[in-house]
Amino acid sequence: MEGHVMCILFVANVFCFTLAQNPGKVTYKVTSLPEDPFLMKKASTTGGSQQYEGFVVDILDCIANLLNISYVLTMPADSRYGFYDASSGNWTGMIGELTRGEVDIAAAPLTVTRDRAKVVDFSQPFLEAGLRILIKRPQNWNIMEEMFVLLSPMRPEVWTVAILLIFAVAILLTIIGRFSPWEQPYVIGNLSGIGTYGMSLHNSLLFSFSSLMWQGFRVAPRSVSGRIISCFWWMFTLFFLMVYGANLTAFFLTKEPLFQSLPFATFDELAKQTDVQYGFLRNGATRAYFENSNLATDKNIYNNVKNNIDKLPTIYAEAIGRVRNGDEKYAFILKGSAAQYAAAQQPCDLMVVGEARSDRVYGFACRRNLDFCRQLDIAILHMKEKQELETLRKKWFERDCFSDLQHEYMYKGIPYLDKGEAPNMAQMKGVTLKRFGGPMLILLIGTFLSSLALVGEIIWSRRYGEVGSSTGGLTQRHTQTSRHRYRLTFPMTDSNGN
């Protein structure tokens, strides 16, 4: 760290000494290309000459003031950023001018690439250049409400388990009603006065469902085992309703994200669909990225485009015009900053989707062995630390339609859009099985205890041969009277062993 500080101080001292010896400003020849909002022509108020304004111009002006220099803007004859022409063995555009020594600096949205870095020197990056997708905003821009919003507090797997538990508890109650002596029809018919139906499958299902809905049912378990599972089922129901009510309230109190009808929202979806045509600039770093990428999605995108390479746009204005006039049937892949700028312009009919692809940046390029490039790095770092670059970025990119610009994020494969607000993660994720594991564990314990109680009731009945009750009890004679009706359930022998 101290070495970097000493180096910076040394360069600053040398630069100050040079200025003291030669107080006149050094003029550098800078090449660039018109591209909104980096470099744009404006009509001069005096005379008919053309002057320039834009993001790059403001950066150059700040650097000129910091380093006490001046510059002259020129344009490449072929109006290209620069790529290697294998047929001629030379670089084109601004990179070609630098390699030939015709200019000193290339100040433009120039992507830093490996091939370019072999022939020129790049400065510190001044803007990120991840690729995004520019599409026309769908005409059916209607806000859609989820049909099953009332089910949102719980994840689908929780609802599935809850439904299965209703049937599981009903089946367990049916088993208890079939095998427990306290649930036999002759016991219930004499002691409870509700007929001979008892805990049948039908009644058990209605009992478990009505309990979950916090309602009562006239038929209830009479045995100890049935009442144990009923108590634990009621505890489970209490927790379930409390969690559901709390989460549903939170859902309605927070803003619900709005999702729109989009043909695609990611590069993967773009590569798989065939309804919307897409492309990128015919020449440049974007085409080189897709052409040389080893990622499957990037290969698919390039294979779908390479058959129409000659029909690809050559400048951004042409491409944006295709998107705007393409009736939602054309998408354009470009640098994220340029895409956001285009979407923020009137008539506000464009939007940006897709995750940032290709971790690349913009930087100024210098001809090789130019000492000024080191000073350029220090000036750009100074502007970053003082937030001057961010101020300039907001000045040129956040304008006109920016307040209405829809930002997209993905949830369960659905593109959600908001106006720059961070998504509410608590709202986007309902209660999971892991979070609801406590009540299910309680119900599992109740099932185990109820099963043990049922086994104890059967053993007790076979051993003592009578069923006790709060009203007195049924004698062995009554049990023997009905044993033939329930021979398969409770086989008993008389005193003679028959």
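Counting begins at 1 with the first residue displayed.
Backbone N, Cα and C atoms are what each Cβ position is placed from, and that goes for glycine too.
What TrEMBL lists as signal peptide is 1-20. Positions annotated as domain 'Ionotropic glutamate receptor C-terminal' by TrEMBL: 27-399. The domain 'Ionotropic glutamate receptor L-glutamate and glycine-binding' feature in TrEMBL is assigned to 37-100. Positions annotated as transmembrane segment by TrEMBL: 158-179, 232-253, 436-460.
Counting same-chain residues at least six beyond the ends of the transmembrane segment (232-253), those with a Cβ under 8 angstroms from any Cβ of the stretch are 149-150, 152-154, 162, 165, 169, 208, 211-212, 214, 426-427, 430-431, 436, 438-440, 442-443, 445-447, 449-450. Look at the domain 'Ionotropic glutamate receptor L-glutamate and glycine-binding' (37-100): DSSP puts its residues at 20 helix, 19 strand, 25 coil. Within the model, the domain 'Ionotropic glutamate receptor L-glutamate and glycine-binding' (37-100) shows a mean pLDDT value of 84, rounded to a whole number.
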